[in-house]
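Straight from TrEMBL, here's the annotation block:
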type	residues	note
DNA_BIND	122-221	DNA-binding region
DOMAIN	1-111	domain 'Response regulatory'
DOMAIN	122-221	domain 'OmpR/PhoB-type'
MOD_RES	ASP47	4-aspartylphosphate
Amino acid sequence: MVEDDQTIQRVVKQTLVTAGFEVTQAFDAHTTQTQLLATLPDLLILDLGLPDEDGVALLKKIRLASHVPVLVLTARDQTQDKLTLFEIGVDDYVTKPFEPLELVARVRAILSRTYATTGVGKGQLQCGELTIDLDAQTVMRSTEVLHLSQKEYALLSLFIQHPQKVLTYAVLLRNIWGTHLLQGQNDTLRVTVAHLRREIGTNAGQQYIGTDVGVGYRWLSPVTMHALLEQ
């Protein structure tokens, strides 16, 4: 959540935590870009009236780097303002003042829609010859079932849910191993990535996982969602 008003921060956080969500907070655009987005949030709640940068400008930068769902908090209630937000890629907005419980309902709705269309719910992800079933937690290359380790599968799942985005060493270690970056742990990550690359092969001769030297890794190939219909 990005909101510079500490009273609103406190009320919204308490409401979301009570509803069962984990909340990470930022008070300005700089912290949002350098720290908050690195945690790979499931949803970003963004106030447009930030002290160091206009929220619309920040939103445009976010959209260039990430597909994270965004719910905007705004005092701007003109139709053109709302149209501009949707054109940039906002998923929903709440006009101030607002009822916290309404905010929770909108958060749940966005997450439900997002999970239904990105493969976090029922469905399969297709990428080149790879088919990843996120519910069954299975991976196939063409017709061959791949036998990945738990860490390799977790790494693959994280990559394909953030295609084309650089995932830093620190982010990968925190999300897969639950640790902060410590001396020697880059070697563990590097070995796991090497094993995963060997298992999944290449896509038309190109590696699926690219290296940003000194920074991290990124998933290079397009990912397509195939929904599974309820029987």
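Even glycines carry a Cβ here, placed using N, Cα and C.
Automatic, uncurated: that is what TrEMBL annotation is.
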Indicate whether ASP47 (4-aspartylphosphate) is helix, strand or coil by DSSP.
strand
Take the Cβ of ASP47 (4-aspartylphosphate) and count every other Cβ within 10 Å, whichever protein chain it belongs to.
22
Reported in the order helix, strand, coil, what are the DSSP residue counts of the DNA-binding region (122-221)?
36 helix, 29 strand, 35 coil
Using DSSP, what is the helix/strand/coil residue split across the domain 'Response regulatory' (1-111)?
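Taking the domain 'Response regulatory' (1-111) as a whole: 57 helix, 17 strand, 37 coil.
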